[in-house]
Amino acid sequence: MDSLNSSYPQSAMATYSDLLDLAAQQQPHLSGLERLWWAHYAYWDNNIVATATGIITFLAHEIIYFSRCLPWIIADSLPSIFLKYKIQDQKPPPSAAEQWACTKYILLIHFVVELPLIVLFHPMMELCGLSFTIPFPDLRTLTAQIIIFFLLEDTYHYWLHRAMHWGPLYRSIHRIHHQYAAPFGLTAEYASPWETLLLGLGTIGPPLLLALMDCNVHLVTVLAWVTLRQFQAIDSHSGYDFPWSLRRILPFWGGADWHDDHHRYFWGNYSSSFRHWDVLMGTVAGPEAREKRRAEREKRQA
């Protein structure tokens, strides 16, 4: 990318098309996506490169979040088809008014809390040594790092989430998220500003940590990770469990049924993506798990 940076048109009149042509001429081995990536950063110039990162990241976040929520909004509007897959099928699906109220609040949180964090992400990633230049990382590196991100975030989320169910923290920070005992897709990021900030650190923290450890983390990997993390959060709040749900393929995956019990019983199942922390720490939610813990206590006391 440095060779391209030294020769792209510095004129403010340079268009994306001009820059794409330049990338194609000087670096024909680059993929189409890599050329688009370079043209985006070249267009904004190094003086305001943080703006380029902010635009990419925030637009990706908004498009991915609401696009992924859309199938669940449709499912909630068609109970005659999808009610049989609803986990809490005794409760009515959210009304259009509830969906809209939730959307307005989430947009407020996105612009007031998440957008400033996203703008600040570029200087943080440069400070930690996280790369945004071309070429992109290979698929093996990207996959391995995302798996590590999932494990680190899940650990952070478990202990923070469990702490937020302590009385004072629950009342001051976490109570808003539990407004809906039967969650739906949009509620994945329905939270107080403080909770949004604290849980957001669990998402951006692992990439920055690995970058500090000289693990060659790339912004493309971070965007892929954030995409998958959003998918996971939205799906776990969807309120639906299908025969083809991921947790039926990967038994250690949390899934909607796992997190739905957390909202239903207001206790336990604190992990975000996996089940192992709740199993190890004895915080599995639901009457069956509670009865099992009671029987184990009686056995130890006998």
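Using N, Cα and C of the backbone, Cβ positions are placed for all residues, glycine too.
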Margin query: If you look at how Swiss-Prot annotates this chain, which of 89-93, 174-178 comes out as motif 'Histidine box-2'?
Written below: 174-178
Check: Which listed range (47-67, 105-125, 132-152) shows the maximal number of Cβ pairs under 8 Å with respect to the transmembrane segment (193-213)?
Finding: 105-125
Check: What same-chain residues lie close to the motif 'Histidine box-2' (174-178): Cβ under 8 Å, and 6 or more beyond its ends?
Finding: 161, 164-165, 187, 190-192, 195, 263, 266
Notebook entry, point to check: If you draw a 10 Å sphere around the Cβ of ASN269 (N-linked glycosylation site), how many other Cβ atoms fall inside it, taking every protein chain shown into account?
Noted result: 26
Check: Under an 8 Å Cβ to Cβ limit, what residues of the same chain, 6 or more beyond the ends of the motif 'Histidine box-1' (161-165), are close to it?
Finding: 173-174, 195, 266-267, 270-272, 283
